Amino acid sequence: MEGFLTDEQREMMKVATETADNLPPSQKPNSILLTNHHLPKPSAAGKPSGASNAVKHRRSHAGRSIRSKKDGGGGKGTWGKLIDTDGDYDIDRNDPNYDSGEEPFELVGATVSDPLDDYKKAVASIIEEYFSTGDVDVAASDLIELGSSEYHPYFIKRLVSVSMDRHDKEKEMASVLLSALYTDVINPNQIRDGFILLLEAADDFVVDIPDAVNVLALFLARAVVDDILPPAFLPRATKALPESSKGYQVVQTAEKSYLSAAHHAELVERRWGGQTRTTVEEVKKKIADILKEYVETGDTYEACRCVRELGVSFFHHEVVKRALVTAMESHTAEALALKLLKEAASENLISSSQMVKGFFRLRESLDDLALDIPSARTKFDLIVPKAISGGWLDASFSYPSGECGRQQMEDEKLKRFKEDIVTIIHEYFNSDDIPELIRSLEDLGAPEYNPIFLKKLITLALDRKNHEKEMASVLLSSLHIEMFTTEDVADGFVMLLESAEDTALDILDASNELALFLARAVIDDVLAPFNLEEISNKLRPNSSGTETVKMARSLIFARHAGERLLRCWGGGSGWAVEDAKDKISNLLEEYESSGLVSEACKCIRELGMPFFNHEVVKKALVMAMDKKNDKMMLDLLQESFGEGLITTNQMTKGFTRVKDGLEDLALDIPNAKEKFKDYVELGKKNGWVSSSFVTSLTEDANLG
């Protein structure tokens, strides 16, 4: 036996045997070798007198795989037959003579490495080499060659985090490299995502780097100064991060300590000593000087030589951008500026990618540029095709000129808006945070698309539970107060009703649900009843949309319509308008009795409905008109406004609602119009209402 078993095999056999002996009969293994027999000693002929029926074949001493005869019978180099058995037998992997060759063939996949892990290891090497050599072009080339561009945010995180724990020289080098890679290698969205990763990891950084918050704030400020992050990134990041996080502190430090300081650009640029090369601001100044001298002399050769001597090939996009601005500012300089760019491209002084990057940067800033150069967009539309046809701007820039170009940009903007609002609406359904949604919409800066937002909001709510439908109606009411005009809301419903037949294919009860949304909008004072007629007139006659409007109208004029429609979604979210009105009436009556302004303000705040504070204004003004002594209510409005509890928007909305109802008020309060004039003057004096509201009143015949 010693000739066949190793020590390890003997130990395995012993353990297996003991385990089997301890099992109940029903659970004992099928292997006869482990239950009733011990391995026999080999005979003189070298053959054992028996073999386990579990063994179908084994390897010879020569390492060859030799198949045994049928039923485990003997054969050359095999063990003989132990007993006669019928049927198939399980393979026992605890058998000391177990041979993996007995197992059925099975395809086993090779271990696949995580591509992200591979990427991180590769960029670690690129970063270390860059810090050793300082060669921006080599680092950029290596990163391009590495591929996997979807992981570039992790490169940014790695580059910055490694440099944070090093000297100022490496920090400066990291900032310079990011600026060089911007758009050529790493696109703006990836830059943004990389800094988000850094901010999210700030709590971990401070464990090893005590001043991590300050260092990371400098990197963030530097990115803004170097134009690789937009200033709008900071407020958005502030909203997304918990106030208790280190990332939040980083953004606050960058904004208040660095970017708000006098001469902040110079301060941030020189903070790390600019040890690697000339700072970005200095390069920009030198480029401006070169172009100014070139326009005066017209010496193209000399201008190209000066650009080459700057030694910043990764920053030539700035030459392109400033040359284009120069061309737009002066008609006489236009031909010279374009000639310089063409010459620089033909000499390979400015690479194709840098040329495209320069055009791209200018296109992104056209709206701001148009404030100083009204014809900027028109001139840009004319320059682009000239550059492409002249062969010095790659056609991949793909910027159609004229009206088509503007239409394409508008289409792209609308596409991005639709993508963004889906995320915003989903976040609202999860958080029920109306003020945050309003801030997010304001950040998008596209009020012309308000009807599209309304359509998407209700469409998404239709396919959800009553809780989300209620949230959508509540949101619509607050949006009408803060951002949306009545026309926006009406246009949004027109768009919804125009596609009602398509919506019904996916949501069977869509027509009834849309009618409820429309009727609820009227009950919530978002739409007036006559707006339904206007909406119906814009729809195709006898269409599903017009039928939905008729249904909404019948719901509105039904008995107890207000109460029923306010509860149509079960009141599952937040507040109902009638409940809110009752609470406001009660707190104003209590204030009238107690005279405690601070207590009244506290109650208004505790209502938790800042988007509905216009109702407080309206009711306070009406109660003031109805009293001989109106000072108390006016004092409350002043205190609420002074504390920032009621905004100018809410004040104006409240005054507007009173103005719209003056004819009815005058039936009960004869001097309502005269008193309202006095309140408007007080509101104007104290800054309660917007100037546009005051201007509109001067033309209002009702107050004449």
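From the backbone N, Cα and C atoms, a Cβ is placed for every residue, glycine too.
Owing to the predicted nature of the structure, the values given are computational and were not obtained by experimental measurement.
Feature annotations, courtesy of TrEMBL:
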{"type": "REGION", "residues": "1-81", "note": "region 'Disordered'"}
{"type": "COMPBIAS", "residues": "24-34", "note": "compositional bias 'Polar residues'"}
{"type": "COMPBIAS", "residues": "55-67", "note": "compositional bias 'Basic residues'"}
{"type": "DOMAIN", "residues": "118-239", "note": "domain 'MI'"}
{"type": "DOMAIN", "residues": "282-403", "note": "domain 'MI'"}
{"type": "DOMAIN", "residues": "416-537", "note": "domain 'MI'"}
{"type": "DOMAIN", "residues": "579-699", "note": "domain 'MI'"}
Winner by Cβ pairs under 8 Å against the domain 'MI' (416-537), considering only 118-239, 282-403, 579-699: 579-699
Average pLDDT across the domain 'MI' (416-537), rounded to a whole number: 88
Structural state census, the domain 'MI' (416-537) (DSSP three-state): 103 helix, 0 strand, 19 coil
DSSP helix/strand/coil residue counts for the domain 'MI' (282-403): 99 helix, 0 strand, 23 coil
Residues in the domain 'MI' (118-239) grouped by DSSP into helix, strand and remaining coil: 98 helix, 2 strand, 22 coil
The domain 'MI' (579-699) - residue tally per DSSP class, helix then strand then coil: 97 helix, 0 strand, 24 coil
